[in-house]
Amino acid sequence: MSNQTDSREEALTSNSTGQDGGSTNVQEILSWDDATWILTSAFIIFTMQTGFGLLESGCVSLKNEVNIMMKNVIDIDIDEMGPVFSKFLFQLSFATTATTIVSGAMAERCNFRAYCLFSLCNTIVYCVPAGWIWGSHGFLHKLGAIDIGGSGAVHLVGGSSAFVAAWMLGPRLGRYDHGREPLPMGSPTNALLGLFMLWWGWLAFSSGSVFGVSGHKWKFSARAAVTTINASFGGGVVGLIYSYIRKKGKFDILDLISAVLGSLVSVTGGCAIYRPWEAIVIGAIGGGLACFGIPFFDWLHIDDPVGATSVHGLSAFWGVLAIGLFADGETLLNLTNGRSGLFKGGDAYLLGVQALAAVSFSLWAGFITFLLLWIINKFIPIRMEAHEELLGADLVEHGIRRSGVGVSRALSALGSHPNFDIEAGSAIGTNPGHEMALEKFLKDKGSLRNGNLNHEPISHITNTSIAWAK
């Protein structure tokens with residue numbers, strides 16, 4: 001059995017380097033060990049959905065946090081329609097990520113029913129460019145474009161879709177009436193927990209994109225993990241410096257989150273072909289673009305509550321281009337088809353192909369997203385009504401009412417609205433049974449003090465005695 005395994009891995013190594021000197025797609029050569037690695041990575045990547053949900057819900061107002069979590073659930077449920085199965089699951093996790101990026105940019109004013117339909121149709125936005133870059137038939141693949149972990153096919157596609165979706169929906173009510181400063185976060189703690197979940201998932205995102213650990217693949221998987229961590233260090237430092245200067249000595253949570261995520265996005269495309277120090281530089285630039293991009297888009301009045309356009313758009317565009325500058329022309333797995341980046345002695349061809357890929361991804365995702373939302377809007381309005389936005393999607397879409405977040409005031413103000421038909425219900429976290437028991441308790445206690453009660457009061461809810469000091 002050991003000899004058979006060694007022979008299989010030897011053959012795999014021989015094939016992966018391309019015996020005929022030609023380009024061999026590493027995704028097409030899978031052993032049992034590779035399939036196990038890919039499955040494990042896919043499982044971990046699916047946990048990133050938790051991170052996206054926590055991060056996005058932490059960035060929006062409390063009256064919309066359940067709704068944004070529901071949209072992340074929808075992204076998985078509606079998208080999920082030997083080695084082949086492991087590759088399918090891995091690509092499915094990528095498709096889910098590309099879709100859920102858009103949900104954050106549409107937060108707090110998107111009709112939930114329209115979003116469900118968009119999520120169902122949005123799979124095509126990812127699948128086509130993924131075929132361009134990773135499929136043997138793809139025109140970018142044939143030209144020699146590189147995108148190992150999905151900086152372009154996943155993040156740039158998602159970021160471009162997010163930009164168009166935020167633009168079509170328009171800003172939230174009153175968003176820019178009093179300046180362009182970010183709105184208060186609903187739960188900074190949840191947002192930071194989401195960052196940690198995404199950080200963890202990104203290691204699988206990058207390492208798993210090598211598609212295995214057999215032969216020489218494990219070396220590149222390990223390198224991908226190191227460059228991923230190093231890039232986040234570079235981006236995190238830039239985020240801290242940027243926030244310290246912008247906030248005059250304070251450290252803003254959203255600045256740090258955006259910088260770290262921007263650095264991870266930018267390094268993903270070439271994670272297995274960068275040197276560790278290069279990853280720090282690439283991540284620092286990606287983190288800086290994410291930080292400066294958020295106020296830039298606010299200046300354009302593109303209201304993106306979670307900064308998805310900057311983090312997954314600008315940083316990803318840079319990440320695709322960075323491959324044309326820093327790529328090592330390795331030959332063990334032939335990931336670069338023998339080409340090196342401009343800073344590694346290569347010519348401008350790879351940089352030009354990478355630029356073509358970045359523009360192609362952006363234009364495709366932007367146009368198809370516009371087309372999908374335009375068609376959906378003909379049947380279901382993509383934007384919530386003004387009174388629904390004021391009440392919050394949690395109440396309007398899911399019947400969940402929160403106290404202390406302005407819902408009661410909105411209910412009072414909109415009581416005579418012609419389109420208002422909302423069952424307010426009880427506030428989340430309350431127990432109506434206890435409220436009824438307490439109300440009867442106080443009523444009976446008042447009657448006892450007035451001498452009008454000659455029996456021991458009984459709770460109508462639990463049918464047990466309630467004792468109190470007489």
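Yeah, the Cβs are placed from backbone N, Cα and C, and that goes for glycine too.
The following features are taken from TrEMBL:
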COMPBIAS  1-11  compositional bias 'Basic and acidic residues'
REGION    1-25  region 'Disordered'
COMPBIAS  12-25  compositional bias 'Polar residues'
DOMAIN    37-77  domain 'Ammonium transporter AmtB-like'
DOMAIN    82-399  domain 'Ammonium transporter AmtB-like'
Contacting positions for the domain 'Ammonium transporter AmtB-like' (37-77) when only residues 6+ beyond its ends and CB under 8 Å are counted: 30, 83, 86-87, 89-90, 92-94, 96-97, 99-101, 103-104, 106-108, 112, 115-116, 119, 183-205, 207-209, 211-213, 221, 254, 257, 305-306, 391-395, 397-398, 400, 402, 405-407
Secondary structure tally of the domain 'Ammonium transporter AmtB-like' (37-77) (DSSP, helix then strand then coil): 39 helix, 0 strand, 2 coil
Segment-level pLDDT (mean, integer) for the domain 'Ammonium transporter AmtB-like' (37-77): 73
